[in-house]
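Structure record follows, encoded as structure tokens.
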Amino acid sequence: MRWSFRIGSIAGIRVELHVTFLLFVGWIVVTQGLFSGRPGNALASLALILMVFGCVLLHELGHALAARRYGIRTRDIILLPIGGLARLERMPDKPAQEIVVALAGPAVNVAIAAVLGVVLGRLGRLGGPFTDTLLGGGLAESLLAINLVMLAFNLIPAFPMDGGRVLRALLAMKLSYVQATRIAARIGQGFALVFGVVGLFYNANLLLVGLLIFLAAGEEHAIVRTRASLTGLPVRAAMITQFDALDAHDPLQRAVDLLMTGSQQDFPVLAGEVPVGLLTRAELLVALQRLGPAGRVGEAIAPHGEVADAAEPLEHVLQRMRVRRRPALPVLSGGRLVGMVTLENVSELLLIQQALRRPPGGAPGSASGGATGGASSGASGGATGGVALL
Ligand SMILES: [Zn+2]
């Protein structure tokens, strides 16, 4: 994500901190310490914030490790002032699995709260009215209270928050995936509006959370709809058949010439008759710097390049392209190069499908929203947000 930097990795998952997180911590320290004239307060607030975000990180790890059980990798976990985000490569298609992944995060908060509760109980610090203890206590009591709030907040069925994912999965057991997502997204957006209105008066963070949920629900619905409209189509239906290919022995200058004189940006690469990969524009630029225009195309591409088969389901190939971040793939049939599939072309296919489905005189323009939201969007719609209200 832009403006975020790596702070380490846990269980092989990259953890990033967003710049705004540091600004937020600085703001808390300044307002709590300098303005109040009590540096001790600032230190206590800082300790609490770091521990809360430790809990947020563990919550996100809960999602990521549950997803790993189903063979789904997590691109990274990002910590933002409003909470954490585990960016899974995709969400499980099976509703039961989505429920496990969605609940694994809140389960971590339950575990943390339980441990804190037991420890505080042993120390005799949980006596008296429950709310008094939680709100008026020290660091551990505050942390316990915050974990309970995180738990409750994340379980609100505001898709795509955890509770909303559970709701979608439950609906998907009875309805189609698209219908279930549409209903869950509408409910999520309803909650988002409520958060927004309440946030407007009481809490700017809640306003921001409402806005993000509203947008994320809409985007994920668009992605699911797009995927559904591609279901059943083979790669062949969306491939380009008029294109230039390069030979592995060609100099990079030939790729430059083709790039400059045509509209094609990515080029399939052959070794004789055998397809060996694809040279993207980005790879061409990097290779030009490294090898110069006389360098060989074969040296510029990754070995064992990704390819698609003409008969393969288009949605599987798109999924692979998103995960591996490839803008295009060479398409093979019987081991021979027969075409090329690009995100751009898939977007065009979607636009055409929508135009054909729309009655004449229907609103134009609205078609493009759905198509670009699905095919070319870098977000795979697999992010699970764990929102902590601070
Ligand atoms: Zn979560």
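Placed from the backbone N, Cα and C atoms, the Cβ positions cover glycine too.
Site annotation (TrEMBL, ligand Zn(2+)) includes H59, H63; from D162, D244, D247, the additional listed residue is D162.
According to DSSP, E60 (active site) sits within a helical segment. For the domain 'CBS' (301-356), the mean pLDDT of the prediction comes to 86. As a summary of secondary structure, the domain 'CBS' (301-356) carries 25 helix, 16 strand, 15 coil according to DSSP.
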